[in-house]
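*Asks:* Annotations for this protein, taken from TrEMBL, read as follows:
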type: TRANSMEM; residues: 33-52; note: transmembrane segment
type: TRANSMEM; residues: 64-84; note: transmembrane segment
type: BINDING; residues: GLY74, THR77; note: Na(+) binding site
type: TRANSMEM; residues: 99-121; note: transmembrane segment
Amino acid sequence: MYKKGIAVGLGGFAGALLRYGISEWIPAVNGFPWGILIINWTGCLFLGWFLTAAGRQFQIPPHVTLAIGTGFVGAYTTFSTFAVDTVHLMQDGHMGKALLYIVSSVIVGLLLAFAGVRLGYLGAAKSKSEGKVV
């Protein structure tokens, strides 16, 4: 129990630092939160791939899967910031930008999660056909 909790905490620490760094590196442009959008998109793609590949292609211990999936990606991505940024766009009268942010976050996020899962399956199938287990 403690091993899993510590693993999640360490992963979360790293994910939060990376999110902070990227959000500082890619600031909002004309009020549009590009950094958070890119963070959430890449998190969707990565988590879809990782959770699929972890179970099919790689032999990853459960505590490491928790550290990366729940800890790192959970802290890296941020639904709450997405929600607050959307409210701020609306309060500032940028309804079009708010709608674009909502639609692009949800639709592109789902498409990237799907792509990540497919990449995980493809990698697992390739490894299986080559007789490899990493």
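In case you wondered, yes, glycine gets a Cβ from its N, Cα and C as well.
Please treat TrEMBL annotations as automatic predictions, because they have not gone through curation.
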*Asks:* Let me spell it out: take the transmembrane segment (33-52), skip the flanking residues so only those 6+ beyond its ends count, and list any with a Cβ under 8 Å from a Cβ in it.
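*Replies:* Beyond its ends, the transmembrane segment (33-52) has Cβ neighbours at 19, 22-27, 65, 68-69, 73, 76-79, 81-82, 85, 101, 104-105, 108-110, 112-117, 119-121, 123-124.
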*Asks:* Taking every protein chain shown into account, which of the binding-site residues GLY74, THR77 has the largest tally of Cβ atoms within 10 Å of its Cβ?
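*Replies:* By the 10 Å Cβ neighbour count, THR77 comes out on top.
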*Asks:* Check GLY74 (Na(+) binding site) against DSSP and tell me helix, strand or coil, would you?
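*Replies:* Assignment for GLY74 (Na(+) binding site) reads helix.
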